[in-house]
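To start, the structure itself, in structure tokens.
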Amino acid sequence: MIVVDDNHNSIELHTRQTANVQENDIIQMSEYKIPDDPHDKKLLRKLDLHLIPTMTLLYLLSYLDRVNIGQAKLDGLMESLKLSSAQYNTCLSVFFITYVAFEIPSNLVLKKLRPSRWIPSIMIAWGIVMTLMGLVHSYGGLLACRLVLGAAESGLFPGAAFYLSSWYKRRELSWRISIFISATSLAGAFGGVLAFGISQMRGIGGQEGWRWIFYIEGMMTVVVGVAAFFLINDFPSDRPKFLTEEECDRTITRLQNDAGPGAGEHFSWKQVRAAFLDWKLYIFCLCDIGLLVPLYSLALVSPTIVQGLGFQSYRAQLMTAPPSVFAFFTTMTTAYFSDRYTRRAIFIMFWYIIAIIGFIILIVAQNLNVKYFAVFLATGGISGCNAICITFLSCNISPHTKRATALAFMISMGSFGGVISGQIYRSQDGPRFILGHAINLGFCILGLVAVIILFVSLRLENRRRDRLYGVVSSRNRKISVITKELKKEVVDVCGIGSEEDRRKWGYEHMSEEEIRDLGDKHATWRYIL
């Protein structure tokens, strides 16, 4: 329970002591701004140091293991296994079938189990599969490995996104999620250079260069996975050892104040159902598919696209790095300004437009330098959208279990884009790949329309709630109960409210648990646009 003194000078969390509201207790509702504690910056630096680097490293290896097949192709994978273009594209796509199937179950398991056990376990599993991919000698073997790899990797991205959203306030989340997702850009830059270096090992032990790519990168993942058992911390309520008791209390207090009304943290199948009945989730899915089809297709076949611009295979591996470096900077710059101004949709729309321009240039341009510049626009634009889209949903879906389910479902549906992305760049369409670029252009337009729908709809909903229930600032609002027994003010962070409030909101016949389960449907919730 959270209590504050009468002057609102400090906030104290009591985890075992509760206050029962009696008939004579005073229930009041007021407006005040919860000040940012001077120790918050120190606390945030400590959280960042212990959470962000580990999650970013894990996702970098995950993405590297997912897309390194594109680098292996340039080093003779198709010729060695005698793969046709259709068979190779199928191997790209089947990864996402199991990836999609296991994302939601994995996030629910993560909610039940400890992240420090679940995430390292699945990481070791996919590292072993990646290493074994270097031993395949047939199309069937490669296909099977890609299927198992998708199942093993499925839990990391949605799990890590939910994990980070359980540590940071909503206005702090975009920057941290973007650092985490910037691993995709780093994987693109680092992967090309690393693959070029590893491929020089061809002939060692009688092994081809592409096999060494899988061996080395797979073993790296296993080693880091073992270390992750000691590097990953659990949720704030688990009282991780790197925080003092006071810091744990402060972290939980900050999250509860930020979560606001309807912020129940308990696991609830009702919240799972509520996620699937929320129309916003399906529009978010369209937005995510619109960016993940281009994102995955560029990641999987960018070496081939760059090679089609006139570079030899070994130079094509290296020339994929600069667009990925640019994507890293667009991701981080966007995250900084998005958090600073607490805006999500406008940045997504801007970068979608940049990506659309990039794909239009790739379709119509003939000059190779201009086309290479367009690769920068397309890659940077899509990467700029990616992290903000995750944050956009995380900030606007509540409570915990509903958000965990919605995140996993959106990422799952977006990952269907991976199935599509493996099929749109066909060998017979090279070197211009007009069909693939046109399909990606269409998906970018779809995503842009979805974001506009969300922006307009949520803005109108905020105005409707302001009109019906009064203007509320989620950061400034406090509902409290002053108890005669404790003579303390108990902050109602879940928005239970007084009897008058509940009548005003239409919640007079609802239990406290039902009100906590409302989350973003609560009358005093306001969406972050």
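Cβ coordinates come from backbone N, Cα and C, glycine included.
TrEMBL labels come from automatic prediction, so no person has curated them.
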Looking at the ranges 81-104, 177-200, which is given as transmembrane segment in TrEMBL?
177-200
Can we call the transmembrane segment (147-165) and the transmembrane segment (321-338) in contact, meaning three or more C-beta pairs below 8 angstroms at a sequence separation of 6+?
no
State the residues, same chain only, that lie 6 or more residues beyond the ends of the transmembrane segment (405-425) and have a CB under 8 A from a CB inside it; answer 'none' if no residue qualifies.
89-93, 95-97, 99-101, 103-104, 106-108, 157-158, 161-162, 165, 271-272, 275-276, 278, 281, 284-285, 288-289, 291-297, 300-301, 304-305, 390, 393-394, 397, 433, 435-436, 439-440, 443
Mind checking which residues reach the transmembrane segment (372-393)? Cβ under 8 Å, same chain, six or more beyond either end.
161, 173-174, 177-178, 180-182, 184-185, 188, 281, 284, 287-288, 291-292, 294-295, 298, 302, 305-306, 309, 319, 322-324, 326-331, 333-335, 338, 344-345, 347-348, 350-359, 361-362, 365, 403, 406-407, 410-411, 440, 444, 447, 454, 528
Over the span of the domain 'Major facilitator superfamily (MFS) profile' (51-465), how high is the average pLDDT in this prediction?
85
Same-chain residues at least 6 beyond the ends of the transmembrane segment (437-458) with CB under 8 Å of its CB atoms are 280, 283-284, 286-291, 293-294, 297-298, 345-346, 348-349, 352-353, 355-356, 359-360, 362-363, 378, 381-382, 385, 392, 396, 417, 420, 424, 527, 529
